[in-house]
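Asker: Provided herewith is a single structure, encoded as structure tokens, for subsequent inquiry.
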Amino acid sequence: LNLCFSKLRPFTKLSTTDTMTDFSGFKNLFHRFLQVKGPSVEWAKINRPPEDSIQPYEKIKAKGLPNNITETLNKLVVVKLNGGLGTSMGCKGPKSLISVRNENTFLDLTVQQIEHLNKTYNADVPLVLMNSFNTDEDTKKILQKYSHHRVKIHTFNQSRYPRINKESLLPIATNMGMTGENAEAWYPPGHGDIYASFHNSGLLDNLLAEGREYMFVSNIDNLGATVDLFILHHLICQPADKRCEFIMEVTDKTRADVKGGTLIQYEDHLRLLEIAQVPKAHVDEFKSVTKFKIFNTNNLWISLSAIKRLQERNSMDLEIIVNPKTLDGGLNVIQLETAVGAAIKSFNNAMGVNVPRSRFLPVKTSSDLLLVMSNLYSLDAGSLTMSKKREFLTTPHVKLGSSFTKVQDFLTRFENIPDMLELDHLTVSGDVTFGKNVSLKGTVIIIANHGDRIDIPAGAMLENKIVSGNLRILDH
């Protein structure tokens, strides 16, 4: 530990208060990392959560809406996790600035949702963005365009921590700079950093002073994470001494969600179990849909006063996730991270709510993007809802190949988005393009082998079809 910080300490002569705060936070995290021996959970101690600790959404909804919706909404803050870049989808800058529907970005849709709430109920729900050093500058430039919208927007930055050499356990940074040889030396330490950063920014105290009581936190790329008045009412209407300080929205697992974190009972506490914490021998058991039936959507409702209490007592002990990375030059490093949902064990009367799948609509890949751009969904006041013309509540399973990974490549391969209302499964691999007004139904598999190209002609209707080989449509 001393070796590590003797290398970091010279940086602090040039430090701002923010840098000193980051330095202190990292020191604590690194110290805990060195102290922890063995796995963070003992598999034998893991139990299923008690029946009443995860309530069905229908039971929460049955309580109805508050008598005064405006007054209830004015106790709420909406927080979006906005620290990520769009690199996995081939985009530069913040992921929240990628266009996802009718030229609207994730951020546009979020602002529209909250503005619609504020106008409908004459409320004043603010939007708070947790940025990272990767996204802060670009996001703040864009925020000017919302100055005339009926939404107050605040930002704060999560911490900036140094990446650690996997072999020496020393920071790879040589100074506090973020360019040149230090360009890859820093990282934002996961969304579990929200509690300390929010508290340290002063914004938490300001919002408490305004009479805010709860925050609704979600990933900005989850288009299903809208403000739910029934869950909010459930929180606000509890007696003060029994008030639930933390709700995690969970939903039923499918085969696509086997890696998602799940809720367990551990040493008399409700706790989030992530796949990174699972011993290798038990990974298949963790992925099982029969034993662990639900997973964390990362839509969380958290008491602001409880965050303040836990921060001031320094009593929020989040499990450390060790994230190994290989940098461009081949150097192996580790990032020490924490997850926002892991704090559930520290809050009083915490519970899960099993919500409909529609509240989990993340856009992580171009396959997800195809779904949300299609006629499966309609857009109203920034919210996407499943089309009533769709016979099934589940979304189709879509797997687009590497030719579609980057958003720009994806967009050039579709003259417009196909009709997918009756689609169950779509797999596309290789050099494939789609003409206008294509309709896809049932199970459709399109495979262009290396060197081949398939152009699906305009107006084509593919139902339960496998298309392979070569199909070129040439202009004449």
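Backbone N, Cα and C atoms are what each Cβ position is placed from, and that goes for glycine too.
Feature table excerpt (TrEMBL):
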- LYS95, GLN158, GLY190, ASP221, LYS364: UTP binding site (BINDING)
- HIS191: substrate binding site (BINDING)
Asker: Using a 10 Å cut-off, grab the number of neighbouring Cβ atoms around the Cβ of LYS95 (UTP binding site), all chains included.
Answerer: 24
Asker: Cβ distance under 8 Å to LYS364 (UTP binding site), same chain, sequence separation 6 or more: which residues?
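Answerer: The answer is SER88, ASP221.
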Asker: Around the residue listed as 'substrate binding site', how many other C-beta atoms are within 10 angstroms of its C-beta?
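Answerer: Taking every protein chain into account, the count is 24.
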Asker: For a quick check of packing: other C-beta atoms within 10 Å of the C-beta of GLN158 (UTP binding site), how many?
Answerer: 28
Asker: To the nearest whole angstrom, state the Cα distance for the pair LYS95 (UTP binding site) and HIS191 (substrate binding site).
Answerer: 15
Asker: Measuring Cα to Cα, how many angstrom lie between GLN158 (UTP binding site) and the residue listed as 'substrate binding site'?
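Answerer: GLN158 (UTP binding site) and the residue listed as 'substrate binding site' have their Cα atoms 8 Å apart.
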